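Working notes, structure below.
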Amino acid sequence: MPETVLADAAAKAVEPKPKRTALLGGRIPLARLRDLALVPAIVVIAIVGQIVNPVFLQADNLINVLQTMSEMALLVLAQTMVLIVKKMDLSLESTMGLAPGVAAWLVVPTGAGHGLGLLPGAWAVPVTLAVGALVGVINALLIIRFGLNGFIVTLGMLIVLRGVLTGISGGQTFFQLPESMLYLGTAEWFGMPASIWICLVLFAVAIVVLGWTSFGRSLYAIGGNVDAAKAAGIRTDRVLWIVIVTGSVLAALAGLMLSGRLASVASAQGNGYIFTVFAAAVIGGISLGGGKGTMFGAFCGILLLFMIQNVLTLAGVPAQWIGALNGLIILVALAISRITGGKVQE
Amino acid sequence: MSDGERAVTPAPAPADDGRSKVGPPVVEATGIVKRFGPTVALNGARIAIRAGETHALVGRNGAGKSTLVSVLTGLQAPDEGTVTFGGSPAPRLADRDAWRERVACVYQKSTIIPTLTVAENLFLNRHDHGRNGLISWQGVRRRARELLSTWSVDVDPQTPAGDLSVEQRQFVEIARALSFGARFIILDEPTAQLDGAAINRLFDRIRDLQRQGVTFLFISHHLQEVYEICDMVTVFRDARHIVTAPVAELPRTELVAAMTGEAAADRLQVRSSTLDHIATPALSVQALGSDGTYGDVTFQVGAGEIVGLAGAAGSGRTEVAETVVGLRAAVAGEVEIAGRRPRPGSVPAALAAGAGFVPQDRHHQGFVPDMSIADNTTLSVPRRLGKNGFLSRGRRDRLADNMIEKLAIKTPGPDLPVSALSGGNQQKVVMARALADDPKLLVLINPTAGVDVRSKEFLLGKVEETARTGTGVLIASDELDDLRMCDRVLVMFQGRVTSEIARGWHDHDLVAAMEGVDLNA
């Protein structure tokens, strides 16, 4: 028995070197390629899409895909940060509805629906972001300061915020939004909708922050082993506060972009988004157990889901079946990432 | 055992030794008192460790070793007493950086982050930054490679830390500690999870580092390791400092005596055996083995017999007992309870075969804290409470009342939640449940842990009483008082049953066997 143990240990000590296949003259280790795992899938879907309908790869269609996903992509960005520190935020989807909802409520003139007309139109954007920040502060207070379970806290917040929006809107949709709220959803910068630029730039910033700053790395340390992170001198509570509040503000921004694009705030805005957000994050390699996954992977996850949806629509799949297929795609994608990742997902 | 020649470890070069004794000790703690509520974890404890020596700290469970470690590493402030490093007082508790420069501890529990690479673990929160303010991963990797090669740790800095073996992880943690500037390192049971060859490699590394001027405090349950690697030894017992002496001048018998205390506790039990030779054995274990934790365990417990399964933490005694009752499944071998062979790894099957069970940690596995005493005691016997899956409350309360009386549980009534009871009474509830179905085999794991003296006597009395009714009893424990009434004690060491001791043993015999030391060597 001891002999076999010894042999195992010796083998283990030698193994890693030949095992790690490297590309580009050893500069990119295979482990890094894990982040790029979804890129081939995206290429395959692009080819399939092109075969199904030649419209798919045209610029208009691609821009359309990117724009429809941009709002949800921001939720994925927020959720990814929260998941990496081993927390969860279910309330993102109702923050996305409530934040612009409150702004519209205060700004939209009386007579048109449930608007109060208390503030001039220019206040809409700051109010939206402030509501997002406030929701984040409440979440963080309950989760970090009072040590409540994050899943239940944000589940409660999800229901409360949804209810508040229904309450202030009387279950109706706000129209006649001020110019400032429409801007982000309608403006074009350099020939592309502003929301796409915002989405891409924020992801680029997030990739750099998470990969190349001490703050970003502390997220991984906290999610991986919070005691070790504390022992390394990281102020874990402060980092968690920043992550949760930033997440909520991003959700408010996403809501602003969505209501700008639709020129309205429906009382059910964002309803049901959170499931797709979680699915995209997990498909993109973010572990629900914390400390694992990259922002780039998460972006690929949400991009893949929206491309598949687009291909299905172009293929003429009846709209009534899209929901069922969406769920199925998520399950299949999870199964595939389980096989390629090789580890049990928690 | 051939510890004889291993014990004679050459002491460090005399010149070196002479020099180091002149300066102040690397670390010195005096008059340390630390209380946790009513329990006193350290009572005027002291230790002084000189530069370049490898100092062993030994003591039985609860002697105060872990508390001393947390005081020496600045995780807890002592209530009284002082800690000095190299003659100057210890830094404030909040000044983590200053502590890290003086002392580091490699715990049994890992303090690395498994999802990050080795390089990042080494330089967490002190990454190299490039000119643009972003982390320079090249710099981090280069420094990690330099650090690992300086201390000749053969690990690729790019590997995810979760892929390291226990041995590699320890080396990485030692290298990290050294990179903070600490030259005093505490190793908390470093050999517990290592196999023989890895232990030797670790010891080689320790000797290497010792030569380079690193001082170690070595905590271990295995005394022969102390003789192999350490220069000085300090013994703690019952929260107090007992003795500090050069290892070479302290024979094993004296070391074990210092750990166990006076021979006054060596009272012989006058319990007549209730072993029934004719009835089917209550438990028969054949060549039981499980990967890494234990192997080739074979023994029998006769009807009415009380058998102890002793061993230090990590010896595999708990795992064997848990396998018997189906909490674990063995890889090899068979378990037979009262002539029946329950499906391995199934608790219901073991209970159906006639086993009753007091688990290791009552808070985790023993009871449902917010359920009533009545519900808890009858949790495992639903079919005695009514037919077709419906429970009769009246019948449940009668059964529970009966047990409350039998086990003298102090409670106003069966409806009180178990969480409202004292530790001793909680354990009685767990015991009551184990006895609820009149088991043929009673398995107890650490049955008196965290239980006051009177409840302890009562519980052990109850065990004897149960044995008189023809039930076979298996007690897996390292608590000598639990084992005293056993007809015989099987001692496990590193996953094997190494000896069998008949009733009437002396404390030091059993302790020595549990620590894997041969007193006659």
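Backbone N, Cα and C atoms are what each Cβ position is placed from, and that goes for glycine too.
Remember, predicted model here, so these are calculated numbers, not experimental data.
According to TrEMBL, the protein carries these features:
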type     : residues  : note
TRANSMEM : A:36-56   : transmembrane segment
TRANSMEM : A:62-85   : transmembrane segment
TRANSMEM : A:97-117  : transmembrane segment
TRANSMEM : A:123-144 : transmembrane segment
TRANSMEM : A:151-175 : transmembrane segment
TRANSMEM : A:195-215 : transmembrane segment
TRANSMEM : A:239-258 : transmembrane segment
TRANSMEM : A:270-289 : transmembrane segment
TRANSMEM : A:296-315 : transmembrane segment
TRANSMEM : A:321-341 : transmembrane segment
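Outside the transmembrane segment (A:62-85), and at least 6 residues removed from its termini, the chain residues within Cβ reach (under 8 Å) are 92-93, 96, 192-193, 195-196, 198-199, 202-203, 206, 210, 219-220, 222-223, 239-240, 243-244, 246-248, 250-251, 253-255, 257-258, 261, 273-274, 276-278, 280-281, 284, 286-288, 290-293, 295, 298-299, 301-303, 305-307, 310.
In summary, the transmembrane segment (A:321-341) lies against the transmembrane segment (A:270-289): three or more C-beta pairs, each 6 or more positions apart in sequence, are under 8 Å. By the count of Cβ pairs under 8 Å, the stretch nearest in packing to the transmembrane segment (A:36-56) among A:97-117, A:195-215, A:270-289 is A:270-289. The stretch with the most CB contacts under 8 Å to the transmembrane segment (A:195-215), chosen from A:97-117, A:151-175, A:239-258, is A:239-258. Ranked by Cβ pairs under 8 Å to the transmembrane segment (A:151-175), the stretches A:97-117, A:123-144, A:239-258, A:270-289, A:296-315 are led by A:97-117. Most Cβ pairs within less than 8 Å of the transmembrane segment (A:97-117), among stretches A:123-144, A:239-258, A:270-289, belong to A:123-144.
Within the chain, the transmembrane segment (A:239-258) has long-range Cβ neighbours (under 8 A, six or more residues past its boundaries) at 70-72, 74-75, 77-79, 81-82, 85, 87, 89, 91-93, 95-101, 103, 125, 128-129, 131-133, 135-137, 139-140, 143-144, 181, 184-185, 195, 198, 202, 215, 218-219, 222, 265, 269-270.
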